[in-house]
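Feature annotations, courtesy of Swiss-Prot:
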{"type": "REGION", "residues": "1-413", "note": "region 'Disordered'"}
{"type": "MOD_RES", "residues": "7", "note": "4-hydroxyproline"}
{"type": "MOD_RES", "residues": "10", "note": "4-hydroxyproline"}
{"type": "MOD_RES", "residues": "21", "note": "4-hydroxyproline"}
{"type": "COMPBIAS", "residues": "21-48", "note": "compositional bias 'Low complexity'"}
{"type": "MOD_RES", "residues": "27", "note": "4-hydroxyproline"}
{"type": "COMPBIAS", "residues": "49-65", "note": "compositional bias 'Gly residues'"}
{"type": "MOD_RES", "residues": "82", "note": "5-hydroxylysine"}
{"type": "COMPBIAS", "residues": "117-138", "note": "compositional bias 'Low complexity'"}
{"type": "COMPBIAS", "residues": "183-204", "note": "compositional bias 'Low complexity'"}
{"type": "COMPBIAS", "residues": "227-236", "note": "compositional bias 'Gly residues'"}
{"type": "COMPBIAS", "residues": "237-247", "note": "compositional bias 'Low complexity'"}
{"type": "COMPBIAS", "residues": "269-278", "note": "compositional bias 'Gly residues'"}
{"type": "COMPBIAS", "residues": "291-307", "note": "compositional bias 'Low complexity'"}
{"type": "MOD_RES", "residues": "313", "note": "4-hydroxyproline"}
{"type": "MOD_RES", "residues": "316", "note": "4-hydroxyproline"}
{"type": "COMPBIAS", "residues": "342-361", "note": "compositional bias 'Low complexity'"}
{"type": "COMPBIAS", "residues": "401-413", "note": "compositional bias 'Low complexity'"}
């Protein structure tokens, strides 16, 4: 800094004769108090003059002494008082909307992410319908023949002739019902039941507490598929004019866009005089995003500006919806067929009747009880599925708050 405009401290020059007092100058600015000077030598007492008023002396001529050495630099002055804010200037006419920049290059496809952890076992599927009735078992073995009856004693022959042959006797009373037979063999395993309906998607879970440490930024995933075009929204109201942004990076030349429709010519505004600089206002609220306009013609390549500040990382997203239940496991193999039951106990022999005609085949017996369920399948669980496509990019973040104004600089000389 150049402090030559500040008053310099007195230097130790040669003491010349005292000159006449000069004319009073204009009052200068109040300077800082300089260092105390060295005490001068005491003067010698001159001879006493004659009493009485003497003639007025002539004005002496001052002799210019040699220039003293350069003094030490003084301390910097205090900063001046801040002036009152000026009146706000009139808003200028809005400038024309610049041409839309060319799209950037497509990002590289990121490396596939690491294999996910093994998922939890799926829930047990619904019980399938009952299988068809098994086929009839083999016919039973014929019972053992009963013991031969004892012969009665021969009666005495009567004196008369032999009578006619008697009529056939009534059939004997049926014997008591025998004990129930042994249970039949286990039936065959029923057919595989149809797959159950997919479960209803659960409601999205509440976001968990953000207590964990911020995770590392993962590698970029593959580009997501293009979403469906949304309907044209209503035009939003014009937001307040924001501060001018930094110059964007130089884009690459793309294909010529469709010419935009010419808007109505507005009335020319009056040119206002330059107003004094006012205080920075508070940040305005972001306006509603209007519909995307038609792509205008490509403008000339602009000068590449400095890179903007890096934005803050986004907040973690909400937890996704719960996935659908997994498919039921494969049906296990059929269980082993049980051993054949023991033959029943022979019934008590009844009275021997006459041999009747051969009867018709009997009805098929009732099906045996259902066999126990087979062992669950022992197949290995399938591998985890591939990672899904990358989601659509989120909306652009809002501009950050404007920083506080800097300190006022020291006024130069």
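Numbering starts at 1 and runs along the chain as displayed.
In case you wondered, yes, glycine gets a Cβ from its N, Cα and C as well.
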Measure from the Cβ of residue 27 (4-hydroxyproline) and count the other Cβ atoms within 10 Å, all protein chains considered. 6
Hey, how far is residue 21 (4-hydroxyproline) from residue 27 (4-hydroxyproline), Cα to Cα, in Å? 16
Per DSSP, the compositional bias 'Low complexity' (342-361) contains 0 helix, 0 strand, 20 coil
Looking only at Cβ atoms, how many others are within 10 Å of the one on residue 21 (4-hydroxyproline)? 7
